[in-house]
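Chemist: Below, the features straight out of TrEMBL:
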DOMAIN    B:29-543  domain 'Cytochrome oxidase subunit I profile'
TRANSMEM  B:50-72  transmembrane segment
TRANSMEM  B:92-117  transmembrane segment
TRANSMEM  B:129-148  transmembrane segment
TRANSMEM  B:211-240  transmembrane segment
TRANSMEM  B:260-284  transmembrane segment
TRANSMEM  B:296-318  transmembrane segment
TRANSMEM  B:333-355  transmembrane segment
TRANSMEM  B:367-388  transmembrane segment
TRANSMEM  B:400-426  transmembrane segment
TRANSMEM  B:438-460  transmembrane segment
TRANSMEM  B:480-501  transmembrane segment
TRANSMEM  B:613-629  transmembrane segment
Amino acid sequence: MAGVLLGVSAALAGCQREERQLRLDPPVADALDKIALMPSRIGGAPPEVYFKLGKPYEANAYNLSQGKRLYTWFGCKSCHGDGQGGSGPAFLDGWWYYGPELVSIFASIRDGRPHGMPAFGDKMTTDQIWQLAGYVQTIGSYEGKTAAPSRNDEKQTRPAENRAPAKLLFDEGPSPVHPDQGPTP
Amino acid sequence: MTRPATAPDTRDIDIERTRLTSTLAETWKTPPGFWGALTTVDHKIIGRRYIFTAFVFLALGGVLAALMRLQLAQPEARLIGPDRYNQIFTMHGANMMFLFAVPVMEAVAVYLVPLMVGTRNIAFPRLNAFSYWIYVAGGALLWIAFALDMGPDVGWFAYVPLSGPQYGAGKRADIWAQMITFTELSALAIAVELVVTIFKQRAPGMTLDRIPLFVWSMLVTSFLVIMAMPAIMIASTGLILDRLFGTHFYNPAEGGDVLLWQHLFWFFGHPEVYIIFLPAAGMVSTMIEPFARRPAFGYLGLVMALIATGILAFGLWVHHMFVAGLPRLGDSFFTASSMAIAIPAGIQMFCWLATLWDGRPVFKTPLLFIIGFIVTFVIGGLTGVMVASVPFDTQVHDTYFVVAHFHYVLIGGAVFPLLGAVHYWFPKLTGRMMSETLGRWSFWLIIVGFNATFFPMHILGLEGMPRRVYTYQPDLPWHGLNVFISLSAVVLTAGFLLFFINVLKSARFGEVAPDNPWDAPTLEWATTSPPPSYNFAMIPVVGSLHPLWDERDTLPVADGLRTDRRELIVTTLAAAEPQAREASPRNSIWPLLAAVATTIMLIWSIFSPWAVVWGSIPIAVALIGWFWPKGTPEDES
């Protein structure tokens, strides 16, 4: 009986991560667009409604896997590569130019960044940008999330997101990947 | 540990009848109360529990079916959204196949087979208890997940890549795959018990040609389970590894194979159909004797047909994959083997018809269900021969034609005999008769409702309505038939409701049943209704195929078993000559603890591979406790 109760409570906690919101109400989508950025455009606060919804883009399995799909569809790989970087940062080593907060990633995708990151604000819906941002955050995450997607059905160049590759790749040793990043980026 | 009821080494022949029964009752008893319920290893208590649980899952699955019919009753309905609908049809299929159909057949066998072969308990009774707890845990896992919006949504056969890591987001497909592990584990446990019970614990004199047909069918079924289930356990384990750990069993880019899933799944999945059908065929062969008032026609033919079906069952899985693009020669081979299975099915069908033809049929509810089964199953079998042909199958693949076909064979071929069996063996289960009036009403409602629900689906399928759609557009020509089907489903539901009412009412207020209310010939009717904990005070000795008809009042018995400990007779495989007295284990809490430990490990392993490492420690502890000598009299043997 205790086992059943334990199972129920564990499952209740994980309930949110399985929800599938196929279409956002337009007012909610509008509100989700109103993030408050710091003047440096790094860091800030997501809109109120984001918390009301229960932070759906960080721990919801469906949104994360949609984000992964968008990452492929919008050609993110061509610059950010699959751990190799190329012309943009690879995320995979846990190194963020503009910080690892979701709002910063959202702003990067929506508005673009200097030195080559284009703005996708007019190519994707707000919902999609949030999904993509949530996924991008998992790429450089130091902890494997159970909601994070696993491998794709394609050639594998790196460990899957749910295996927390950033932790595997982050190297503090004598010749670190990013010497200026400090012990816990 | 309980003290023996009589002095050590007391034999049954040494004490008088009344003292014998009270002594045996003391030795074999399940203590009343909660603790007794948790520790029991009595196959009758576990079997009853198993049957009850399986019927709860039937009712739950029925509710899902009703929801789907509500949604499809009109085009563009808004009752259920696409995501929820995907979960519902997956849950319906997985629940009915894995939590109802297979377990209920094995549950009936857990209850009946030891009685029918004239022994005191099933072989490995603690494994039997373990099996039930594992089954309940698997069912709870699936349904709790569904209640939390986490139910699997990939179809009951969970094809990759849809269920794989790339497209199956979240833990839904993992829930499905792990539920499979639970149910296969419990089914394998029962299969092993049944094989040993049937091979080694038959009453003296029950040679191979005197085994009741239901027992034969369960023997064949158990071998099917033992050979088919490992395929699906490997498949689902590979799926979980792919999803959680990033292995490449089903990733073509890294040398895996998507079709491998379909082959492994259907290598299990097609025998699964016969794992459900063969016990039902055995029930029919057994039940038809008392109602036709003559022995079943063609005993040898019926047994050979069971075995032939069991062998052929492994040679036709590819007919589920005709549109997967396999070589033509392979398709032709599997077309031929699929059609060949109609031969043993036909042999059985004609044997049953001949039995009825030559007998003096008594049309009680069980016989009505048998006749309903014959009619419905023949229709399902005919469409089965149709879809065995590649061009036809290519046309109707994934349409409602297939839905109609498999509901005809599964409900017609397994659920109807099962309902008949419930009416037939109810007195042996509860000691009371089921109401004949309510039984007839429920039979007619079910048979009419069933055919009106599922027959039009053939037409819908030919009109092109695909399976697994949550809605359809108003300009498609499917609306009228869908309304009709949904209305007929109401009749079918009413029939099942009446059946459940009949069961619940009869269990409390039914007419008290004598030992052998149907004047049936098999051994389970030789003991009281319901049987005592030790089944038979003295183990019967069998001299013919129909012991209760041929030796009506003077059933010979064997003596010499000890009464102070749980003992039963082990006999030789073919001739059933007594070989040894064998101890049967006492009640124990360890099967439950082992099941809890296994459950924690299996569910945890959905989330972290380390669960297999750390979770195996409690399992090891539980198993050590299970097998640790407890100082009971049974240990000495």
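Placement of Cβ uses the backbone N, Cα and C atoms for every residue, glycine included.
What you see is a predicted model, and the numbers here were worked out from it, not measured in a lab.
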Chemist: When you check the transmembrane segment (B:211-240) against the transmembrane segment (B:480-501), do you get at least 3 Cβ pairs under 8 Å, counting only pairs 6 or more apart in sequence?
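Modeler: Stretch pair does not touch.
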Chemist: Which of B:92-117, B:129-148, B:260-284, B:296-318, B:367-388 has the most Cβ pairs closer than 8 Å to the transmembrane segment (B:333-355)?
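Modeler: Looking at each of B:92-117, B:129-148, B:260-284, B:296-318, B:367-388 in turn, the most contacts to the transmembrane segment (B:333-355) are made by B:296-318.
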Chemist: Quick one: do the transmembrane segment (B:296-318) and the transmembrane segment (B:260-284) have at least 3 Cβ pairs under 8 Å, skipping pairs fewer than 6 apart in sequence?
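Modeler: Checked: the transmembrane segment (B:296-318) vs the transmembrane segment (B:260-284), in contact.
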Chemist: Are there 3 or more C-beta pairs under 8 Å linking the transmembrane segment (B:480-501) with the transmembrane segment (B:129-148), counting only pairs at least 6 apart in sequence?
Modeler: no
